[in-house]
Structures are given as structure tokens and as C-alpha cells.
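Written below as C-alpha cells is the structure these notes are about.
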Amino acid sequence: MADRREKSADQMKLWKESRANQKPDVLTTGGGNPVSDKLNLLTVGPRGPLLVQDVVFTDEMAHFDRERIPERVVHAKGAGAFGYFEVTHDITRYSKAKVFEFIGKRTPIAVRFSTVAGEAGSADTVRDPRGFAVKFYTEDGNWDLTGNNTPIFFVRDAMLFPSFIHSQKRNPQTHMKDPDMVWDFWALRPESLHQVSFLFSDRGIPDGHRHMNGYGSHTFKLVNAKDEPIYCKFHFKTDQGIRNLTVEEANRLSAEDPDYGIHDLYEAIANGNYPSWTFYIQVMTFEQAERYPFNPFDLTKIWPHKDYPLIPVGKLVLNRNPANYFAEVEQIAFDPSNMPPGIEPSPDKMLQGRLFSYPDTHRHRLGANYLQLPVNCPYKARVANYQRDGPMCFSDNQGGAPNYFPNSFSAPENQPAARESKFRVSADVARYNSSDDDNVSQVRDFYTKVLSEEERKRLCENIAGHLKGAQIFIQKRAVKNFTDVHPDYGNRVQALLDKYNAEGHHKKVIKTYTQHSAHVTANDKANL
């Protein structure tokens, strides 16, 4: 009978086979000293206490105690793979970036797919946006495109990002997911309507990672060899076709195969069924941006394809699984501020906030020298700068080269060719409230023109099935927002909520303890 076991299930067997007739390695401590016995402690007699000099034990246990690093605040659960990006169409008229240098050029890439709100052990089949981050290892340094599987996002101002994420995670007292928190935030910020509608549509639960699109989401700026800038958006369209899971399928898989996304991707690559995506851009001139009826840097809106058609660029192919998950997926760090010449940020407020936040969280999670880790190292370029030392520096620390600038000793020099493009800014400095920007027009188009009748029906059912857990006043506020999009949208959700509420499915109030002073008295503690 043929062996039908999956490659992922046979990983240990395949690893052994890859070593052919090699002898097992000599077992050592972390310091490389041979170990004679890995099964038994060094004790005084068979029943005696452990000796402090049992360095084999202390070496093992001390390292075990420090195995875990901080989990990502968002996108904690993820799958990774490696491959290449190949240029199929010339866009050098728009960008001088070396990744687009000529047709046929291949650039090594690393990709990480992820859910957003769940912890590292959560299921891959939850209703949640999916991260779609790509690291291009180019000759001008790494380019990190930190996208999602949706072209829009919940908020347009980075000031709101921490509160948005808090609302999606666990209640600080009950440590449970809380529909009140989720829907209170969404209902108070109608700009979330577009992404919420996308999230609760059929595309809210992709069938693994291979059958979904990816988007840079933000607006970026491309600059050509003549230093002529143009705004752009990036798109990855899956060549496997869009495929989604039903709620019932997702619930079943969350119990039977919670790592379904990782599992599916690993097996496809291990069996030579390499997933691929076609890479496109949209472009908008500065003059068009000035005239367009909405803010082109608003992350809650798309650029309509009829106005700004997709321009094909190349192909992204994944053909290698990680050799080690921790080393190549857990430690990979994507940073939107990694942009080689030819690619620059736009005034997109969310992008501007991420330019700081992402490298900052990597320094917290992985350390100041995280870019020296092999998976993050810009190995196609030569790193030469004036950064030195720091925890876990494991390069040569740039040897005896000067560590100050300017200097007279032939150390790294400025590269005028890499100068950022010029742009004019003239406005008053203030905190501008964008909450009343048009939050419904594109959502109305999505509801009435993109979705079919059956898809609208499922959208409203999915929303009501989740919103029913929130307090009635929050439900009313959310329904008002849906009604602003289209009366039919609000009416359908309200009708379903009325049914749920009549059946007693509305939120039960959980009594919580409130600490009124800086100290808890003994009597208070006794009643906790």
C-alpha cells in the first residue's frame, strides 16, 4: 500500500533521510563541549541531591527558561515561505528601484502570512484580516512591503491604531474577547465601515493563504531615474484563484486543524505545487491627486480601477519552506521604512505612523541588532554605516572602521544618487479631524455593485451573528452606520438582530470589580 502520509507529518523522517549515511553529530553543550549523558542528573548517590557543578543540566535548563521571545502585538500567528519575484513588464518609466530594473530580473523574497488579532496559538480560520508581508532582498537594501489581504483598513489616522488593536483583543479584566469593545470602537468610528463590510463578507475567511490576494494598501510614491515622482498602490493577485471558507467549514477546521493555513502552504510547497501571485501597480500623478474628489492617501478607501487601472509588473513565486520556523518566520521582521531608492512614502497618515512603529517593535522583540539576523539581513547589499555595538551583535561590528561621521579616513560616504525626491508642503500645522470624511460612498458601491444578492445576505447574517453579543445601544449605533451606507443594509442587519434579541441572545452583563483607590483593602481582597 502506498505511503499517503503528508510531507509535514514526515518531516523528521525526511530530515533523517537527507543525512543519508552520515553519522549522528556529537552531542554538545551550548559551548560545544561533548556531553556524555543527556538522560540523568549528576547527583550524590542514586537518591541524593543535584550538584551545582552539573553544568550539562544548568546549560540546558537556563536556555530552556529563555526560549520564548515576546510575541508580536499584532500578526502573532503566521506562516512563512521563500521564493523569488520576477519582472515581466517594464515599469522603469515610473521607478528606478533595482527590483524593477529589467524584464526577467529575479529578486529573492521572503513572505509571511498571518492573522491580525489572535495570539500565536490561535486558529488560522478565524474571521480576521490576513497579513501579507513581502521582503525583497535587493542590491540597494531590503524593500519590505507590509500589506494585508484587503486593500483598505479600519482607521485612517495612526493615532487610533493602538486603541483599535486593544478593542480587537482581550478584555483587560475578563481576558475574553469582548463584542462590546469591538463594536463600540467600530460604531464610534464610521470610517471602519468599508473594512468591516469586507471582513464580514465571504472574503473574511480565506481558504488558507494561497487563495487570497495581497495589497500594499497604503499609497506609496515611485520615483524614476529623472527624479519624476508619481503616487502608486501595490497589488498581488493570486494565481490560484480566490477561495474562501464558509462559517461552518472554518469552525470545523478550527477544531480539527487549527494550523490549517500553515499546513496548506507547507504541503503545497513541499509537493512542488508552488503558489504564485501576479504583481500589479496603480499610478496617480500629483496633478490627479490634487483634483481627485477624495483624499488619495486615505487608507479606508480604494482607487477605483476604472479611473486608475491595474498595470502588470511581475510574478511572485514561493518555492521553499522555512528550514526552521523560529529562525526564519518568528524572527523575520518587516519594516515599511525599508525602502530602496525609487520607492518612497506618501503622506498617508497610517503609513507615516508605521514607519516608526514597526522598527520600534522589532527592537523591543528581537533586539537592537535584529537586522543582523540572517532572515532580516540585507545580504544582497553591503551594509556600511556608523552604527555599532548593542546587545547580541554577532557580526564583525564593522571592524576598525571609523564609528563617527564625517571623518577623514575613507569610511562610508553619502550617496547623492539616493537622495529623496523633492516635494512641496504648504499648510498649517494642526491636529486635523478626518472622522467626517465621506465614510459611506465606496461602501455603498461595495454593497450594491460588488456583492451579489446571496453575498449581501451572508454579509448581514455574519454581522448580526457577531453584533448580537454587544449591548443594545451599541447595536443601534452600528445599525445607524449601516443604514447610512444603504437603507437595505441597515434594515437587514436590524431585522436579524431583532430576532436574536427576542430569543434572548443579547449580551449578558458581567459584573466586574472596580478598584476605586490606589490600594486594595484586605476586605476588598476577601470579596474578589
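The backbone N, Cα and C atoms fix where each Cβ goes, glycine too.
Residues annotated as NADP(+) binding site in Swiss-Prot, with similarity to another entry given as evidence: HIS194, SER201, ARG203, ASN213, LYS237, TRP303, HIS305, LYS306. For TYR358, the entry in Swiss-Prot reads heme binding site, with the evidence type similarity to another entry. Among the features that Swiss-Prot reports, compositional bias 'Basic and acidic residues' is placed at 1-22. Here Swiss-Prot flags 1-32 as region 'Disordered'. Marked as motif 'Microbody targeting signal' by Swiss-Prot: 525-528.
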Extent of the NADP(+) binding site in Å [max Cα distance among HIS194, SER201, ARG203, ASN213, LYS237, TRP303, HIS305, LYS306]: 23
Least buried by Cβ count (within 10 Å) of the binding-site residues ARG203, LYS237, HIS305, LYS306: LYS306
DSSP-derived helix, strand and coil totals, residue by residue, for the compositional bias 'Basic and acidic residues' (1-22): 8 helix, 0 strand, 14 coil
Whole-number Å value for how far the residue listed as 'heme binding site' lies from HIS194 (NADP(+) binding site) (Cα to Cα): 25
Integer Cα-Cα distance in angstrom, HIS305 (NADP(+) binding site) to the residue listed as 'heme binding site': 30
Rounded inter-Cα distance in Å - LYS306 (NADP(+) binding site), TYR358 (heme binding site): 33
Neighbouring C-beta atoms (10 Å sphere around the C-beta of TRP303 (NADP(+) binding site)): 20
Distant-in-sequence Cβ neighbours of the residue listed as 'heme binding site', under 8 Å, six or more positions away: THR146, ALA333, PHE334, ASP335, PRO336, SER337
Reduced DSSP assignment, ARG203 (NADP(+) binding site): helix
Local backbone state of LYS237 (NADP(+) binding site), from DSSP in three classes: strand
